[in-house]
Amino acid sequence: MAAQRSGAAGVAAGDDADRARLRQLGYKQELKRGLGVVSNFAFSFSIICVMAGVTTTYNAGLRYGGPASMTLGWLVVAFFNGCVALSMAEICSAYPTSGGLYYWSAKLAGDKWAPLASWITGWFNLVGQWALTTSTDFSLAQLVQVIILLGTGGANGGGYMASKYVVLAIHGSLLILHGLINSLPIRWLSWFGHLGAFWNTAGAFVLVIMIPVVAKERASVEFIFTHFNTDNDMGIHDKAYILAVGLLTSQYSLLGYDASAHMIEETKNADWSGPIGIITSVALSTVFGWIFLVALTSIMTNIPYLLDPRNDAAGYAAAQALYTAFHQRYGSGVGGLVCIGIVAFGIFLAGVACVTSNSRMGYAFSRDKAMPFSHVWHRVSRNEVPLNVVWLCVVVAFIMALTSLGSQVAFQAMVSIATLGQYISYVLPIFFRVTTARRSFSPGPFHLGRYSIVIGWAAVLWVALLTVLFSLPVAYPIAKDNFNYTPVAVGGVLLLSAGSWVFHARFWFKGPIVNVDM
């Protein structure tokens, strides 16, 4: 009994320390602290979901880059993305609030620039998260359509090909389901986070073993690590250019780990658990993702056929490769459908975590009155869940998906906004950390010591390079069907956020607002 009382006292002391630290940062405790370090990690790991990122962007990587651009590009991305994650973890330890990135920018940019830095960072992060939720659930809707198509005979066997309106309806249904799940108390959300982490690990493990064992035809090691798709119909033949453009698959697959920061006001021992959640989710996703990517690439033996919209999977390369591998071995593609189903459920759980992270960011941003109708989105339900902003995320993600009705190419801009929008918001506070706050930064329990500045600059320069690379044309000659909308989409976010600042927000937004008596 004495041990139990001692343990309870320790938990209470930890909660008191978290509340006290949050109060020092200017906020009162409104959300329930029901997460431990494992649960915090699980949300980021579930959002990253490398099976989802690799599978849903594999077509683009295969078409614009080829196997080498993905397998070798992953290693390049892993190194520099690790620098971003480490720098974010260090700042997260110093400022454990749900606002995360925009709050960090406000504290690190200096008094003069704090409001503007906070405003731009916050809107890039929020819009990037909306786009990530949109692209995650829409990619799942597309995969569900492919499963139905293959399950009913395939495109060449009379299978059911859903129209773009049906796919959009599936997308909307998934969003509603994710909204309902996110309306549950945090203890239930924690369970979904744990399930997502387990599924990512177990699912990737099963597929990595199953894929090469089942496949009768496998690509050579040389093909996997040295082949660039220079024979594509995109008009791009330079290997360096192909490698650069093909990095999008790897970069998109390692995205969303700011969830650990946005869940931090619901996490115990926050200034340590949050940073560890960021680092471990990125490290494990990097390793598992690369192994899964190599295993999947090992069955990509006929690139033109896999990308051909006239194949059974209607040009969905990863699904067609899995379906073909099982069909060749067993005379039936059912096993391939099971593998695709494993990926699909992983994406579903990633979608749950996306809405969770998105809603916590929206809750914090509205708490600082940075969103229109902030008083509505800041409300917390009796279950201590920011219910209104959960459903705002659902509605906005559906509206953003309406671009798919006009053009699939235009919808790819959602992936670009999700990737670059998020990474720009990741790197802005890091930039302020290594410039304006180089000498004034006071680290938390997790810090990088003397390597902090070097790692921070590596992260800043990497995201600057990505912004240029992902804005380059992906095909020549440039036409409306292959136009890269990334600079338009990301530039639009910058223009709207900067414009709203100049003409409106600069007169009233002063950065994070203290809502407690200091």
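Glycine too: its Cβ is placed from the backbone N, Cα and C atoms.
Taken from TrEMBL, the feature transmembrane segment covers 37-60 (among others).
Per TrEMBL, the feature transmembrane segment maps to 72-92 (among others).
If you look up TrEMBL, you'll see 113-132 (among others) marked as transmembrane segment. Counting only same-chain residues 6+ beyond the ends of the transmembrane segment (113-132), those with a CB under 8 A from a CB of the stretch are 47, 99-107, 255-256, 258, 354, 357-358, 361-362, 365, 368, 370-371, 393, 396-397, 400, 414-415, 417-422, 424-425, 428-429, 432, 436, 493-494, 496-498, 501, 505-506, 509-512.
Annotated transmembrane segment per TrEMBL: 138-158 (among others), in sequence order. Sequence-distant contacts of the transmembrane segment (138-158) (same chain, six or more residues past either end, CB-CB distance under 8 Å): 52, 55-56, 166-168, 170-171, 174, 310-314, 316, 319, 323, 333, 336-337, 340-341, 343-344, 347-348, 351, 401, 404, 411, 414.
Under the heading transmembrane segment, TrEMBL lists 165-185 (among others).
If you look at the transmembrane segment (197-215), the same-chain residues 6 or more away from its ends with a CB under 8 A from one of its CBs are 41-42, 45-46, 48-51, 284-285, 288-289, 291-292, 295-296, 298-299, 322, 325-326, 328-329, 335, 339, 342-343, 345-346, 349. Summarising the annotation, TrEMBL assigns transmembrane segment to 197-215 (among others).
The transmembrane segment annotation in TrEMBL covers 276-300 (among others).
Marked as transmembrane segment by TrEMBL: 334-355 (among others).
Annotation source TrEMBL lists transmembrane segment at 385-403 (among others).
Summarising the annotation, TrEMBL assigns transmembrane segment to 409-432 (among others).
Long-range contacts of the transmembrane segment (453-476) within the same chain: residues 64, 80-81, 83-84, 86-87, 234-236, 241, 244-245, 247-248, 251, 416, 419-420, 423-424, 426-427, 430-431, 433-434, 438, 482, 484, 486-487, 490, each at least 6 residues beyond the stretch ends and with a Cβ under 8 Å from a Cβ of the stretch. The transmembrane segment annotation in TrEMBL covers 453-476 (among others).
As annotated by TrEMBL, transmembrane segment applies to 488-509 (among others).
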Quiz item: Taking 334-355, 385-403, 488-509 as candidates, which has the most Cβ pairs under 8 Å with the transmembrane segment (165-185)?
Solution: 385-403
Quiz item: Cβ under 8 Å to the transmembrane segment (488-509), counting only same-chain residues 6 or more beyond its ends: which ones?
Solution: 115-116, 118-120, 123-124, 127, 369-370, 413-414, 416-417, 420-421, 424, 467, 471
Quiz item: Any residues 6+ beyond the ends of the transmembrane segment (334-355) with a Cβ under 8 Å from its own?
Solution: 43-44, 46-49, 51-52, 55-56, 129, 132-133, 136-137, 139-140, 143-144, 146-147, 150-151, 174-175, 178-179, 181-182, 189, 192-193, 195-196, 199-200, 203, 206-207, 210-211, 214, 256, 259, 318-319, 322-327, 390, 393-394, 397
Exercise. Would you kindly list the residues that approach the transmembrane segment (385-403) from elsewhere in its chain, counting only those six or more residues past its ends and only Cβ-Cβ distances under 8 Å?
Key: 31, 129-131, 133-134, 137-138, 168, 171-172, 175-176, 178-179, 182-186, 355, 358-360, 362-363, 366, 376-379, 410-411, 413-414
